[in-house]
């Protein structure tokens, strides 16, 4: 009988690798060029060009609106990176770009802390209010003659969490802070304009003076995006053109799709993995069809939210998948899950969190939609919480969670 070790060794030696840069298919990757978003970058440049004048005194604001997967975040990140460089190199003006995700930082205080951290601005250990931190940030920028562009991604989460006073302070900062030069400018990124227009008029009019819309991608546009990613990520001639046509026609907005480039790229990536697994040197149409049947757009937003979870929330989720697989069950008791979490945390050399914190993690995972919980009924001694996964048990999901855990652990090192 051939040993498991020999089987593994043979499979590794015989593996066909056609994806040379897997990271360039990641949702977090921002390429040097963004096909069909060049005009949006120009529009952003027009909004912020006055910052390049040596005597610029005003704060700028712009709202970016578009569905998930329309290139909002990537475009703004690429703009910010390049604008910083051009400002310093060509104009001798110091500009700092900071990207804040309001899904993770939903309060004014957390936003102020994230900006301060990005600027490497030391905050006194005594408790400061968010307003005081913002004043410190402005004074820091003033001393160093720096203009700051803050991109507030998924801004709707902040609007839904913060009170009116906090929103007013953030948006109308320079009504609260006296300054000759208004050094903090904003890019507000939202999925729909309704989240802006439902605000009080005194706030809305201050935000929505400029608006840049990101429409869903058409099939031809998705084809160009996929072709660009193929050139970056795959071996030469490793992806059949039929694959690109199929994916772009499936997701193209003009063909009845959702126009979501993120899902289109994920489909391409999965098709490549399927081809490698089957030992094919080329990604074929059949591989793309298999990938497409696997990916469920309805759960894509839930999967996207995994990148915003902290380390121990991810470990708890990994523990749930492990114990469900181990027990071949659809749900597990809170006690069993907590035991598995403690064991897994120690495997990662992490100190397990206490029961109260673990329960809070579960509550957040339920709010996001990743897990379901219910109280046990008849047939079990006492009342206990039963936990299940809202997504299908899938190796790709498990691998993605593990990938996110590794990222968090590396960032701590």
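Yeah, the Cβs are placed from backbone N, Cα and C, and that goes for glycine too.
Here TrEMBL flags 58-218 as domain 'AAA+ ATPase'.
All protein chains shown were included, and the count of other CB atoms within 10 Å of the CB of residue 217 (ATP binding site) stands at 29. Here TrEMBL flags 70, 71, 72, 73, 74, 217, 229 as ATP binding site.
Confidence across the domain 'Cdc6 C-terminal' (317-401), taken as the mean pLDDT and rounded to a whole number, stands at 85. Per TrEMBL, the feature domain 'Cdc6 C-terminal' maps to 317-401.
Listed in sequence order, the residues of the same chain lying 6 or more apart from residue 70 (ATP binding site) and placing their CB within less than 8 Å of its CB are 214, 215, 216, 217, 259, 260, 261. Summarising the environment of residue 72 (ATP binding site), the number of other Cβ atoms within 10 Å of its Cβ, over all protein chains shown, is 25.
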